[in-house]
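The structure under discussion appears below in the form of structure tokens.
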């Protein structure tokens with residue numbers, strides 16, 4: 001392979017991106033039985049990142065021995081980028097499998113196989129880094145992203161197990177929605193903190209050996225991995241608070257009303273009397289936890305499809321007053 005000029009670099013970059021996409025990414029997606037419509041190619045990401053890293057570190061202008069050392073260093077960063085993409089796919093697959101629950105054991109076995117292989121590769125990689133190339137600057141982002149993979153995949157496995165326990169449990173686990181939210185929030189916070197650490201390290205290095213391309217890398221990293229994550233997290237937090245206030249603003253059904261209504265909650269299909277029951281403005285009865293989970297996906301009533309989740313009064317005392325009063329229901 002030749003990296004002596006820009007034209008050769010473009011050709012090698014495209015060839016390597018094609019090989020990695022077909023031999024690793026496609027194989028993993030087919031093994032996970034991901035539908036063709038949902039499969040993603042890493043050709044563009046891999047080729048663009050490899051090209052930018054090669055230009056940033058001046059691969060074409062280095063001597064032969066130094067060039068191959070730099071290519072070896074870049075290959076580590078490209079490897080962790082591919083592993084991060086696989087990690088994102090397996091995390092999404094684990095969550096979808098645990099929610100469906102009734103898919104074949106073959107699908108679960110395939111997903112768990114890839115998940116544990118990813119954990120083994122990432123942990124082995126970290127151990128090798130700590131025992132070998134401690135002084136190399138380029139190993140810092142590789143180490144950080146390995147830690148992120150280990151944490152995010154571990155949390156996804158915990159969520160996967162919790163969903164399966166709930167699916168096979170004889171009773172409804174109403175608090176599961178909150179537990180999963182806390183785990184996902186922890187995962188997002190850890191990812192954000194690690195992204196900030198990488199940005200701070202890169203910003204510090206900018207004063208030692210700065211360049212326009214490195215500055216561009218920092219801005220792209222900050223926008224996608226820090227700023228967009230903060231905006232997304234803030235939006236989810238506001239939505240959760242809105243749902244919480246909306247459900248709390250609904251009156252609680254009395255024992256007499258629940259007894260008269262009878263039946264089951266149409267969301268969880270369990271006895272409506274087993275948990276706190278809210279009454280919507282369209283006069284339908286639901287478990288409060290079930291309604292919160294439902295409103296996280298849809299704004300309408302599960303029965304009549306009237307809008308439930310709307311902008312409500314932000315007065316802190318309003319939900320309390322609403323809880324204290326009881327509406328007279330007409331049947």
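Keep in mind that glycine also has a Cβ here, set from the backbone N, Cα and C atoms.
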Given ranges 142-167, 246-271, 272-297, the stretch to which TrEMBL attaches the annotation transmembrane segment: 142-167
Candidate ranges 87-108, 109-130 [criterion: TrEMBL lists as transmembrane segment]: 109-130
Chain residues in Cβ proximity to the transmembrane segment (109-130) (below 8 Å; excluding those fewer than six residues from its ends, i.e. six or more beyond): 28, 31-33, 80, 83, 86-87, 90, 93-94, 97, 139, 142-143, 146-147, 149-150, 153-154, 156-157
